[in-house]
Amino acid sequence: MASPVSVYNILESHTPPTRKESLKMELLSDVSLLPGEERITDKDIIYICPFSGAVKGKVLITNFRLYFKSSDADVTVTLDVPLGAISRVEKMGGASSRGENSYGLDITCKDMRNLRFALKQEGHSRRDIFEVLFRYAFPLSHGLPLFAYLSQEKYAETGWTIYKPVEEFRRQGLPNNKWRISFINKSYDLCDTYPTVLAVPYKSKEEDLRKVAAFRSRGRIPVLSWIHRENQAVIARCSQPLVGMSGKRNKDDERYLELIREANDTTKLTIYDARPNVNAVANKATGGGYEGDEYQNAELIFLDIQNIHVMRESQKKLKDIVYPNVEESHWLSSLESTHWLEHVKLVLSGAIQVADKVSSGNSVVVHCSDGWDRTAQLTSLAMLMLDSHYRTLRGFQVLIEKEWISFGHKFASFPTAFEFNEHLLLTILDHLYSCRFGTFLYNCESEVRSKTVSLWSLVNSKVDMYLNPFYTPESGRVLYPVASMRHLELWVAYYIRWNPRIRQQQQSPVEQRYKELLALRDEYLKKLEQLQLSDSSTSSHLANSPTPNTTSSSTSTPSQQYTHLQTPL
């Protein structure tokens with residue numbers, strides 16, 4: 001991270017009593033602000049820590065974060081929360097409330113936490129901090145810019161250049177005699193949530209694309225996302241057709257899907273509708289719908305993935321069982337009642353079906369209602385399984401830019417298949433909400449790129465933090481995870497990371513040992529290099545000395561002399 005103060009940090013440790021007075025003086029003085037970050041206010045406050053109880057300290061609010069540090073000499077508690085991660089700020093208790101620490105603020109975060117702060121009841125002591133927090137945590141509602149537009153962070157590399165659409169299509173082997181690159185959306189007038197560069201069937205004409213856009217929700221026409229180099233099968237994505245209750249047809253849309261099928265001579269074009277069947281039928285009442293029998297040479301498969309409202313309710317239930325305490329005795333039944341892993345399983349299972357169909361040579365079209373949330377989950381997961389390039393650090397950045405950001409808007413762990421580690425995923429999720437970078441601020445491509453910093457600038461400035469030491473480069477192998485409830489586990493490092501006991505266990509002992517061996521190997525190699533240089537210097541000195549009995553063995557190179565040395569690996 002660019003700042004010494006790590007984002008989303010909670011630390012609890014014991015502080016020697018001798019530091020009690022100096023700690024009070026140093027409180028908040030060591031907070032290193034980001035370039036462009038400004039202090040707004042600070043205040044004495046009590047943090048109701050779910051693990052340590054009531055802790056006195058001081059809170060600092062800037063235009064980017066809420067930072068709390070305890071003044072208690074016995075236990076140090078630090079909170080560092082980007083304001084963008086706050087979803088709700090509520091007043092707790094009133095001036096006449098009874099009970100210790102019953103008057104204050106209750107803050108709901110988007111990262112599975114709730115934060116509670118208590119203040120003195122007299123003199124409306126919470127009014128000023130509530131108003132400041134409410135104003136800066138929700139800047140757009142108060143006519144203020146998001147912090148990403150105020151940030152002055154500088155990096156050697158601009159992350160906005162990571163994804164170049166034309167280059168990515170060329171990597172996939174496009175354009176070819178079946179697919180062409182279209183710039184019809186260069187001004188976003190075909191579809192304001194689509195990228196400017198699109199890959200469409202070679203035989204399609206620009207006027208065809210406009211006619212199809214008129215029959216697809218939000219103008220999100222079927223376009224190519226990925227093509228299999230060997231069998232030329234594609235993953236195309238779009239939104240639902242506007243069939244409506246009357247069952248409207250559109251010959252241009254039907255012909256367009258036929259062109260996608262013909263591109264690699266697939267017997268049938270498989271259309272994966274992410275929604276449950278009943279939801280797709282219900283969408284007809286609002287003008288939407290799905291592809292019916294009128295689409296020749298096509299098969300429609302519903303994947304039964306619930307909508308965002310059901311997912312949010314499930315996540316809310318999950319939050320209730322993971323924070324602040326995990327009840328061990330009823331953990332499995334409590335987790336089952338949230339239905340969270342069931343949703344994960346359905347998404348993973350759907351992605352496997354997509355990957356398997358394409359791998360076997362059949363082109364597919366994927367959509368949900370508007371073609372962004374569930375569609376992007378399915379297409380990006382399928383591409384991770386099919387294309388090893390997306391399992392590299394930079395390839396994964398391209399995938400997110402391409403499938404999630406350009407087109408508007410967890411996969412299982414394979415220890416050696418991914419170049420990046422879990423820390424990258426946590427960083428991405430944290431900055432999904434932080435508003436520190438422009439990467440996830442809007443629903444589509446926009447002016448944000450020229451006015452903000454990309455998250456990838458941060459990631460690529462400290463690559464070693466995000467690399468997986470077990471990564472084995474490969475190509476061509478398709479990953480097929482097991483989409484079974486028996487094999488799915490909750491992502492503890494994310495959902496339960498705020499629990500101090502869990503946090504202490506996050507470091508994998510195997511990974512830690514591997515890193516130690518790599519460090520030991522580097523140490524041996526350095527010593528070897530020093531020996532070689534030393535020997536080279538000695539040999540040079542001897543060669544310049546008038547030694548009468550020089551043997552041929554003395555002229556051997558350092559590498560020849562030390563090839564028997566071995567490192568532990």
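Glycine is no exception: its Cβ is also placed from the backbone N, Cα and C atoms.
In TrEMBL, annotation is done automatically, which means it is predicted and not curated.
Within the same chain, residues at least six positions away from Cys368 (active site, phosphocysteine intermediate) with a Cβ under 8 Å of its Cβ are Ser239, Gln240, Asp273, Ala274, Arg275, Ile305, Asn307, Arg374, Thr375. Among the features that TrEMBL reports, active site, phosphocysteine intermediate is placed at Cys368.
Of all Cβ atoms in the shown protein chains, 26 besides its own fall within 10 Å of the Cβ of Arg374 (substrate binding site). Marked as substrate binding site by TrEMBL: Asn307, Ile308, Cys368, Ser369, Asp370, Gly371, Trp372, Asp373, Arg374.
According to TrEMBL, the compositional bias 'Low complexity' annotation covers 544-559.
Residues or ranges marked as compositional bias 'Polar residues' in TrEMBL: 560-569.
Under the heading domain 'Myotubularin phosphatase', TrEMBL lists 159-495.
Here TrEMBL flags 338-384 as domain 'Tyrosine specific protein phosphatases'.
As annotated by TrEMBL, region 'Disordered' applies to 536-569.
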Completion exercise
In all the protein chains shown, the tally of other Cβ atoms within 10 Å of the Cβ of Asn307 (substrate binding site) is 15
Practice task
List the same-chain residues at least 6 positions away in sequence whose Cβ sits under 8 Å from the Cβ of Asp370 (substrate binding site), in sequence order, or say none.
Solution key: Ser217, Arg218, Arg220, Ser239, Gln240
Problem - Whole-number Å value of the largest CA-CA distance among Asn307, Ile308, Cys368, Ser369, Asp370, Gly371, Trp372, Asp373, Arg374, listed as substrate-binding - result: 12
Handout entry: Near-site residues: substrate, ref Asn307, Ile308, Cys368, Ser369, Asp370, Gly371, Trp372, Asp373, Arg374, CB cutoff 8 A to centroid
Key = Ala274, Thr375
Handout entry: C-beta crowding around Trp372 (substrate binding site), within 10 angstroms
Key = 23
